[in-house]
Structures are given as C-alpha cells and as structure tokens.
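Taken from TrEMBL, the feature compositional bias 'Basic and acidic residues' covers 63-89. Annotation source TrEMBL lists domain 'PROP1-like PPR' at 440-582. Residues annotated as region 'Disordered' in TrEMBL: 32-51, 62-97. The annotation repeat 'PPR' is assigned in TrEMBL to 170-204, 205-239, 319-353, 422-456, 457-491, 492-526, 527-561, 562-592, 631-665, 666-700.
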Amino acid sequence: MFVKLQLLYTTNLCFHGPIFANPNAVLVSPQEKAEKVHHRSNNGNKGTSFVKRYSPGCVNQETHLRKQGLEKNSNDGAFDKRKTDDEHSGGGGGSLKVHTRCSTKWASYGGCIPDMLEALDTFRDVGKALRPWEERINNKERSIILKEQRRWDRALEIFKWFKENGHELNVIHYNIMIRTLGKARKWSRVESLWNEMNARGIAATNSTYGTLIDVYSKGGLKEDALFWLDRMLGQGMEPDEVTMVTVVQLYKKVGEFRKAEEFFKKWSLSKPLRPNNKNAVAALEIERVTNSNASLSSHTYNAMIDTYGKMKEACLEPDLVSYRTLLYAYSIRKMVHEAEELISEMDKRGLEMDKFIQSALTRMYIEAGMLERSMFWFQRFHLVGNMTSECYAANIDAYGEHGHTLEAEEVFVRSQERKSPSVLELNVMIKAYGIGKCYDKACQLFDSMQRRGIVADTCSYSSLIQILVTADKPHLAKSYLKKMQEAGLVKNCVQYSAVISSFAKLGQLEMADDTYKEMIRYGVRPDIIIYGVLINAFADVGRFKEAIAYADEMKRTGLPGNTVMYNSLIKLYTKVGNLKQAEETFKLLQSSEGGAAVYSCNCMIDLYAKQSMVDQAKGIFETLKRNKAANEFTFARMLSLYKKLGRLDEAIEIAMQMRKLRLLKDPKSYNSVLDLFIIAGRANDTIDTLNEMVRAAIKLDDCSFRSLANLLVRYGMSRGSVGKLEVLMKKDPSHGIQAWTSALSSVLEVDDDCDSE
C-alpha cells in the first residue's frame, strides 16, 4: 500500500549541477579538476577517491566552504577547518567529572555494558577503565558506550582509544560521533570525521547524511545543512522521514513556507528531489500521495500541520496535494473540528476527496466515538457510486478493528448494492467477525465464497484459521487447514504452527502430535517454533521421552537454534537431569546474541546443585550477581546447595543477602531460610524471620513446623507442650502462630538469662 519514496531536489537550493561522483569524497577545492587523491588512514592503508568540480554557473563552492571555515591542506588536497570554534576549550583536558546516571537505563542494556559505563565514569584513563573487557568488546557495545557519553570530548577520547587499539569502527560509530560533535557545534571535528571516513573506506549511509543535515540545521547553519542535502541527493539517496521533517522545519524557520511545502509534496509523491538525477524515478499520480502518507509518523504530521498553518498566515493558497496531506494529518490526530473546517473549504473550492481520505476520515469519526457521523460520511461517498473494493474494505476494516461488527456488516451489505463483493471485502469482513467473536458468522461467510463464485486466497484461510485457534477451536481450524492444503495454498508451516500451539495450550497433546505428523506427510518443513511448542508441551506434563524425541528430531533437521529454543532445551534437560546435554546447550546459549537468561542460569545452578558441583554453580551465581541479574530463585538454589553440603556459614551468608535485598517473597523462600536458621541454632534470627513471616502473612509449611518443634525441645520444652501447640495451630491458625511465637520467645529469654548468669 505504501509508495516508494524517491528523491527530488528543488531548483531553489544553493547548489546545482553535477555533484561528487564518489559519495565518500573528501571536501576539496571546487576549482580543481577531477583528480585522484590519496589519503592515508590511521593504520597506514591508502584509500582512493575521485572528485569533480561543479559545472559553470553554479554558486561558487569555495565561497561556501570559506563560510564553513575550510582551508586547503597542501598535503592531500582536502580541506581543513579554521579554528573558529574554540577547539581548545574543554577539549579533553582536566580531570574526569563523574556524572550521576540513570542506573535503571544502564541495567536495561544487560551483559557487561553497565559495568563498562560505570568504569568509564570512574576512571579517567580509558584503557584502565575498559581493560577487563578490552579483548571482547563487540560493535553493539562500542555503539552504546559512545552514545551514552554526555561530554563530547570524553566520547571523542573513547572513540580515539578504540581506533588506536585495533577495535573495529563502522559507519554506525561514526554517525554517533558526528551527532555528538555536531550537537556540541564542533564543526571542524565533524568535517574531520567525514574526511577520516573516506580515508578509511567507510561509506556514508542515508543515516550519515541525515545526521549531518540535522546537526547543521539545529546549529543554525542553513546553507551547510542544504549543502549536505545536496551531497546526499547527488548520490541518489532518499531522505528518510526524519530527514525530510528536518529539511521542512529548516525552511519553516527562515520563513520559506512555499519551499517547505514543495519539498514535502515532492518527497511524498516520490518525485525526484534533484534535477537530472539519473537515480530518480518518474513522478507518480497525485492520488497516491495519501497512500504514502499512511506510513508517516505523528511527529511528521505535527510538523506539517504547523507548517501549513504558517503557509496560510503568509496568504499562500494550498493546492490539492497540500489539502489532502493536511486533511489526512488532521484525521489521524483526531482533530475533528479542524478536519471539518478544511472539508468545508475544499467543498467550496470544488476540490475532490480521494478514497484514502474518505476511509481515513471514517476512521477518525469512529475513534472519536462519533459512529452516526462516520456512517453519514460513508454514505456521502457510497451514494456517489465510485467507491472501489479497496475503499469499501478499508471502511469495513475501520469498523471491525474497533469491534463495531454491526456497522461493518452494514458497509459490507452496501458494497454489494453496487457490485459483487471481491475476496478483499470478504476477507476483512471475516476478520471483523473474528474481532467481534462472531466465530460462526466468520465460518458461514467463508463457506459462502464458493457459492458467490469467489475463490478463497491464502489470506482468507490464514485469517479464519487464526480466528479459530484464538477462540480455542483448533479442531475446526484443522479442518480449514486441510482444505487450504488441498487447495495448494500452504507454502510454509505458519498455519500448522498456530493449530499445533492451540492443541498444546489445551493439553490435547495427541492432536498436536497428529497435526505435526500430518504436516510432515504433506512435505511441509517444521520450524524452530513448532519444535519449541512441542518440546515444552510434553516436558511440562512429564512426558520426557516424547519431548526428547522432538529435540533429537530438531537437531537432525539442522535448524539453527535461537535463545528461545535453547532455553526450552535447558528446561527439558534440567527436568530429566541430563547435565551433559544441558551444559552443551548452555554453551550455545552463552555464545548467542542475547546471552543466557536468568531462568536458564538458575536451571544450570539447580543441575550442578543436584550433583553437588559447588564451583560450577558458584561461578554462574557470581556472574549473575555481578550483572545484577540474580533473583530470589538464584539465591534460594545456592542456599539449598550449601545447606545440603553442611556449609552453614556460606548458606547463612546467602540468607542474610536475601533478607537485605528483600528477596524473601514467597512461602518456599521464607521456609528455606527459617529452616536454615533453626538447623544452625541461630535462635534470634529464627524469631526475627518468624515475625517477618507473620507480618507478611506467609504460611509456614510442615517442614518448618517440624524444625521449630525440634528447636523448642532442644531448649527444654516437653514433647507434650509442643504437641499442644501443634493441635492449637490446626484448630485456630491465628492464635496458634501467636502461641508458637510466644513459646519461642520465652525459651530464648530463659536461655539468655542462663547465659548471662
């Protein structure tokens, strides 16, 4: 539905004629003829780029470059910046100032990144700060480190350290630095980075040019921003939506509203944004503008609404494209009053609404809760008689998505007054029935297709199958899946995956297995998702033999694993106690992009604990703690391991950490800690924990009561008295727990008195 956006450069920009042949060419003198220029990169390699001068009659580029403060470098023909931006102020000298950061944001990155950022804020020397990770910092981590720096000079210092220590730096890292230095208005350093990119053979991307345009524009350098736009367009690159808005706002700031409108109009129409651009395509028909607009963000529409409001203050009259764009902007912002005023204005001028505007405004009225008004608007266009199937479908979908099934039905019926409905209209009506939970009607409408002479397509089947599995009707969905298979429309396992997942969710594992086998018979190859569903489903009910069989089958197919699959396998191997397979899978999980999740780490700790493998369990535990990822289950597993081995001091240390971190949340964790304190004879900690449990309304389990009973007997209470406490607890839990607490406090006070004597 979306049109491809192609570039057109307006004729009133500062520069015309051919632009550099090489997108990575350094800034060179426009008076020089095409010549080969060699640049030496930091590592001694040589890169080659070619440059061309502008054609006669254009604005002199050298004058423009002088405005930027560029001077020719006699060594290589590139231009350097005159030191007009106070480069010596704060350029890296002085001691490092530690900033208070949002620890929540840092923690969200996961892995080693929070520790790296903290180290860089703590140590002035970059090498010292990053030494623990120096050999294993990846591209993503380098990007985050650079982006998180608040001071441009610190970011530049880290960037240089990466270069000098052999770390890979790609275009993303350069883009980050261009934005950082541009925001600080260090223009000579920005242009130095551009030259460096060329010397190192790093090609500028759409994002690079967009960043340059943005920082120069926000820096108040209009001509420089347009210069970078010209460079971008000269390479046949398309400004993305963000860059387009930047250019529009640039024109708006200087009062050139007509240019702003013209640039947006040509961009949205996919017209070439620069004359004689061989990479541009011919202009598309005007009706497609709104189709393109459908993909724009609210930020873009806010900018256009503001621009057009100012395009009116200047007494400039909008054209049809401008009216349609503004009307669409009002509709998605639910600005009903403004939209209706504009409609009235368009009606007076005899300007026609297109089908996309019609459906957009229908949706606006629906979302504003004005159903009657929306239907009136629909009728206005329906009665004219020129609505297409696509337009009817869009209106049905607008009502259906918001659960207005009756209104969607009315539009569907109206569509049949003019012509026979197409498969598109039936498909969106089936979807509307699904959203409205009218499952029988959805099936009936699908079944009526053949009678209407309409052939169901892939979308028809897929939509109905998805509706039925969502409604927990996998048996019915399977029957339509079989028809889809017989029609030759099953191209992958997506529909089978939906049906199998539904059977598994309902616990109907034999049907899930039967559907899987049917899929195999038809020659449809399962994917990693299907195997994951089946492995988890069988493992969760203790049918480990079948779960392992699916795991083995998945390995034989050679499907590449992912973190979800690895986690499922570790979960399975933990349940069956297969440490070897779990370790192999855990290594794969650790080397994957997402790394090992805390759940899988806890599973491995549990497996190691069962084998009394303390060092291996402790290694994972310490890693989780260092990354601030350890949870209550992590601590509880380590506590149980130490307690089982009689290493009570280490177990108590874990218990104290759990209390300090407030990780005691459920009966199991509380009872585990309580039992530990009882075994270790730590009476005061026992009382404190018991009181915490009472305040938190945590129920003691039988194991804890047995331990408490033994503690009381150990301190001199008779078995008969303990038995009475147990009976009271069963009859009246509220008074019973108070009696237990009082008994414990009494015997401990007596014990303390004896100790003091």
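In case you wondered, yes, glycine gets a Cβ from its N, Cα and C as well.
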Contacting positions for the repeat 'PPR' (666-700) when only residues 6+ beyond its ends and CB under 8 Å are counted: 632, 636, 639-640, 643, 648, 651-652, 655, 658-659, 707-708, 710-711, 715, 737, 740-741, 744-745, 748, 751
Averaged pLDDT score, the repeat 'PPR' (319-353): 83
Remote residues contacting the repeat 'PPR' (562-592) - C-beta distance under 8 A, at least 6 residues beyond either end: 528, 531-532, 535-536, 539, 542, 544, 547-548, 551, 554, 599-600, 603-604, 606-608, 610-611
Long-range environment of the repeat 'PPR' (492-526) - Cβ separation under 8 angstroms, sequence gap at least 6: 461-462, 465-466, 469, 472-475, 477-478, 481, 484-485, 533-534, 536-538, 541, 543, 546, 557
The repeat 'PPR' (492-526), counted residue by residue under DSSP: helix, strand, coil: 25 helix, 0 strand, 10 coil
Intrachain residues whose Cβ lies under 8 Å of the repeat 'PPR' (631-665), provided they are six or more past its termini: 598, 601-602, 605-606, 608-609, 612, 614, 617-618, 621, 624, 672-673, 675-677, 679-680, 682, 689, 692
Tally of residues which DSSP labels helix, strand or coil - the repeat 'PPR' (170-204): 26 helix, 0 strand, 9 coil
